[in-house]
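Under the heading active site, nucleophile, TrEMBL lists Cys47, Cys324. The Zn(2+) binding site feature in TrEMBL is assigned to Cys47, Cys51, Cys78, Cys81. Per TrEMBL, the feature domain 'HTH araC/xylS-type' maps to 94-190.
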Amino acid sequence: MNQMTRLVPAPLPDLPDPDVCWAAFLRRDRAMDGLFVGCVATTGIYCKPSCAARHPRRENMSFQPDPAAARAAGFRACLRCHPDAVGRDRLAVEKAIAFIEAAEEVPLLETIAAHAGYAPHHFHRLFKRETGLTPAAYARGLRAARLKDALGREGRVTDAIYEAGYNAPSRAYVDASQHLGMTPSAWKDGGRGVSIRWRTVDSSLGAMLVAATDKGLCRISFGEGQAELHARFPQADLQPADAELDAIAARVAMLVDDPAAGADLPTDVRGTAFQQAVWAALRAIPPGETRSYGEIAAAIGRPGAVRAAGTACGDNNLAILIPCHRVVRRDGSMGGYAWGLDKKQALLAKEKGK
Ligand SMILES: [Zn+2]
């Protein structure tokens, strides 16, 4: 398999800071699975961060970068969380993405799962957990993106439709209404029919706007107020904050200093399948690390779509929570940031503990 189809950033040989590791165990953070394991001195076993088992005392847990290192240190795998399976699961999802990409038409779930070597039901859950999308949604988003490409090239619309992998034009129009007509943030009709509560809150990097629908956070930004929120969601019903939003906003403000602490905050981000995949890949970058735009494109199985991945990073509505600040240029320079390079620099410096 082509290594460019990597779905999530590979574990680095360096171990994250032990406090970061411990915090990941305390909140059972699935996004951290595969990046390190925790070894429990009293039981002799090692676990992945999301393990459901009771936590040992802090002084009884040490950390290793991967299962092999834990075994070399004399520990054995937990029978409850199967820490050795994390790598296998990710490889299976990568394999499935390569298969979907290469297929002429959207493959059946059963076919994709069999190709990856899993039972369909289990694989569906696994794929969704790793990518944030079902296999079918991933395939549909891919096909719609290809149609858009082909429409720009082909002389005849029907040629473009067949070239993109549709076997009938009618399916293409259904998909097109769902994917092609979307604005970058994909809020239909400027948020018509949606009620959004909002407030500003002080943080150590300045005032932040925090806005949420009844499903979750829809906008986190710096230096914005009602006018900017209205411009983004012109048809939405903007409401003052209630006690629930006050509590969420307080946690958002703390994210500036502790970016790992927001994993369980509810979100309501709407976008194309491609954007959703990019945003999921961003959330998989551990605090203190950075990726290039090319690595993000490769991580979602679209290594050729570097520029589109950069655009999707820029369309991110949730500053810090979806950490687009962790994406830099391949040459190490900062790249862009919607809220100013000084904030990007400050956030990265905080995460690296400088
Ligand atoms: Zn375990």
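Start at 1 and count along the chain as shown; that gives each residue its number.
Backbone N, Cα and C define each Cβ position, glycine as well.
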List which of the recorded positions Cys78, Cys81, Cys324 have their Cα within 10 Å of the Cα of Cys47 (active site, nucleophile), in sequence order.
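Final answer, ordered: Cys78, Cys81.
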Please name the residue among the recorded positions Cys51, Cys324 whose C-beta has the most neighbouring C-beta atoms within 10 angstroms.
Cys324
Measuring Cα to Cα, how many angstrom lie between Cys78 (Zn(2+) binding site) and Cys324 (active site, nucleophile)?
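Cα to Cα, Cys78 (Zn(2+) binding site) and Cys324 (active site, nucleophile) are separated by 34 Å.
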Where does Cys324 (active site, nucleophile) sit in DSSP terms: helix, strand, or coil?
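It is helical.
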Considering the recorded positions Cys47, Cys78, Cys81, which residue's Cβ sits among the greatest number of other Cβ atoms within 10 Å?
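Top count of Cβ atoms within 10 Å goes to Cys47.
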Among Cys47, Cys81, Cys324, which recorded positions lie by ligand 1, judged by Cβ under 6 Å to any atom?
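Once distances to ligand 1 are taken from each Cβ, Cys47, Cys81 fall under 6 Å.
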Could you give the Cα-Cα distance between Cys81 (Zn(2+) binding site) and Cys324 (active site, nucleophile), in whole Å?
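Given the Cα positions, Cys81 (Zn(2+) binding site) is 30 Å from Cys324 (active site, nucleophile).
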Reported as an integer number of Å, what is the Cα distance between Cys51 (Zn(2+) binding site) and Cys324 (active site, nucleophile)?
28
Cβ within 8 Å of the Zn(2+) site centroid (Cys47, Cys51, Cys78, Cys81 excluded): which residues?
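Other same-chain residues with Cβ inside the cutoff are Gly38, Ile45, Tyr46, Lys48, Ser50, Ala52, Ala53, Arg80, His82, Pro83.
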